[in-house]
Every structure is written in structure tokens, then in C-alpha cells.
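What follows is one structure encoded as C-alpha cells, with my remarks underneath.
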Amino acid sequence: MMNGTLVTEFLIVGFSEMPHLQVPLFLSFLCLYMAAVSGNLLIMVTISASPSLHTPMYFFLVNLAVVDILCTSTILPKLLDSMVGQRTISYGGCMAQLFFFTWSLGAELLLFSAMAYDRFVAICCPLHYSAWMGPRVCAFLAGLVWAISLTNTSVNSSLVLRLPFCSSNVIEHFFCEIPPLLKLSCAPTQLNEAMAFAADVFLAVGNFFVIMISYGCIVASILRIRSAEGKRRAFSTCSAHLIVVSMYYSTVIYTYIRPSSSYSLNKDKVVSVIYTSVAPTLNPLIYTLRNKDVKVALRRLLSCC
């Protein structure tokens with residue numbers, strides 16, 4: 001019906017197999033998008049306007065907010081449009097969505113490691129914190145995060161661009177992601193799967209182990225603190241990060257560590273909703289509700305308005 005040169009658009013199935021849920025789903029995703037964008041923007045403004053929060057931990061939190069806005073703005077507006085209008089997306093639009101989503105995904109995973117390293121230095125090596133986490137080091141780490149994630153998405157997106165699509169143009173998902181796109185290709189996708197697997201091992205599994213090792217050292221250091229109040233404060237600075245990491249990594253590893261042949265429409269949609277919509281919405285809440293400094297700065301900012 002079509003080949004690599006004739007494909008001009010894809011049909012996104014979305015959640016059309018559940019027509020009775022279209023209105024509730026539309027309202028839910030609209031609320032998630034508004035909450036994600038407004039919450040992350042509020043985090044960025046609050047930290048930028050509060051000199052007391054100009055520390056490495058909050059510097060990385062601002063970067064995380066930028067990534068979350070990029071992720072949700074890449075996926076949710078088109079999803080909302082497909083629910084009330086055309087369920088098609090142009091070939092170029094699909095590739096652009098794939099590129100920016102994969103970029104934000106990689107950046108978020110790497111930022112979690114940078115944030116874990118910051119907490120490791122702060123708790124395990126407090127005397128070296130100002131030297132090891134100075135402005136130049138933080139800028140270098142942030143630049144590294146964006147550069148590595150950009151390289152990853154450039155490689156994987158370029159490999160997808162080379163694939164011919166001739167069996168079907170129906171994407172059994174609610175956005176353009178690597179696993180469902182590979183199922184549509186009529187050419188061998190072993191190289192694509194190998195590169196996606198390698199990226200997942202490095203970005204997801206590798207960084208997850210780095211984070212676990214960091215927090216193993218952090219827990220061991222906290223347990224050596226004699227005062228109960230000191231232990232509570234140390235744990236409170238890490239608990240929010242661990243909650244976000246556990247939720248995000250488990251879903252990403254589940255999606256990308258498997259071959260495309262095992263891709264399951266309904267299960268993978270639910271899992272994808274978590275890291276494309278739910279996680280970016282919850283991140284500002286988790287980091288603010290469990291952080292006294294941010295809540296104080298937020299109240300001060302709102303009182304000035």
C-alpha cells in the first residue's frame with residue numbers, strides 16, 4: 001500500500017478502542033498537561049527568584065523542570081488534538097516528536113544521576129561540597145547531560161529515518177515512540193533494536209545502578225549520624241528523589257529493554273502514560289511538598305504577587 005518514499009503521514013490509534021472513555025481521558029490528559037506545565041514553571045520561577053535556593057540541588061531541579069516541560073509539550077498537545085480532531089500525524093511531525101521525546105527521556109535519566117551525585121557529595125563528603133559541586137562543575141554536568149542525551153536521540157532518530165514503512169502506517173500507540181515504529185518497518189530492525197537496547201542499558205540500567213550505589217553510600221553515612229533529627233533531615237533530602245527515580249526507571253526499563261516483537265498495545269500504553277504524563281506532573285509536587293525550603297520560598301513568592 002505504501003513504501004518508504006510514499007509515507008507522508010501516520011495514523012495514531014491512541015485510545016480509540018475505548019470510545020466511551022474519550023471525554024474522561026481528554027479531560028484527564030488536559031489536566032495533567034496544565035498541571036505539569038504550570039507546576040514546573042512555578043518551580044523554575046520560585047528557584048530563580050529565591051537567592052537562598054541558588055544551590056546545586058535546585059540548579060538540577062530547574063533543569064529537570066525544563067526537561068519535564070519539553071517532554072509533556074512534545075506528547076500531550078498532539079494527543080489532545082487527536083482526541084477531538086484528526087488522528088493523523090505527518091511523517092516529519094512523527095520524527096520530530098520521536099526526536100524531542102527521546103531527547104527529554106535521556107536527559108531526565110541522566111539528571112537523576114547528577115542529582116544523586118549531588119546528594120552523595122553533600123551527605124558523604126560535606127567538607128568537599130563547595131569544591132566538588134561549584135558553579136563550573138554544575139554547569140559542566142548539566143552540559144554533559146544535555147549533550148549525551150542529544151547524541152543518543154540523534155543516533156536513534158537517524159536510524160529510524162532510514163527505515164522504509166510499507167506494511168502499515170497505523171501506530172498502535174498514542175505518540176511516535178521507537179518500539180511501535182519498529183513494528184511498522186518492512187526492513188530488518190536489528191540494528192535499531194540493538195542501539196535502543198544499548199541506550200537503555202547505558203541511560204536507564206547503568207544510571208540506575210550508579211544511583212543505587214550512591215544511595216547505598218548515603219544510607220551508610222546517615223546511619224552513622226548519632227542524632228535522630230540529623231538522620232531525619234538527611235533522609236528527607238533524599239526520599240523525594242528516590243520516589244521519582246523508582247517510578248520513572250521501572251517504566252522506562254520495561255518499555256525499552258525488550259525486543260519490539262514483544263510490544264503489547266494496552267500494557268505499553270499504560271506504562272508510557274506514567275513517564276510521559278504522570279511523572280512530569282508529580283515531580284513538582286513531590287519535590288515541593290517534601291521540601292521545606294521550597295515551600296518557604298514559594299509562599300514568599302506568592303505573597304509578593
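Here the Cβ of each residue, glycine as well, is placed from N, Cα and C on the backbone.
Pulled from TrEMBL:
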type	residues	note
TRANSMEM	25-45	transmembrane segment
DOMAIN	39-287	domain 'G-protein coupled receptors family 1 profile'
TRANSMEM	57-76	transmembrane segment
TRANSMEM	96-117	transmembrane segment
TRANSMEM	129-149	transmembrane segment
TRANSMEM	201-223	transmembrane segment
TRANSMEM	235-257	transmembrane segment
TRANSMEM	269-289	transmembrane segment
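At the 8 Å Cβ cutoff, the transmembrane segment (25-45) and the transmembrane segment (269-289) share at least 3 close pairs (sequence separation 6 or more) and count as touching. Ranked by the number of CB pairs under 8 Å to the transmembrane segment (96-117), the listed stretches 57-76, 129-149, 269-289 are led by 57-76. Over the domain 'G-protein coupled receptors family 1 profile' (39-287) the predicted model carries a mean pLDDT of 86.
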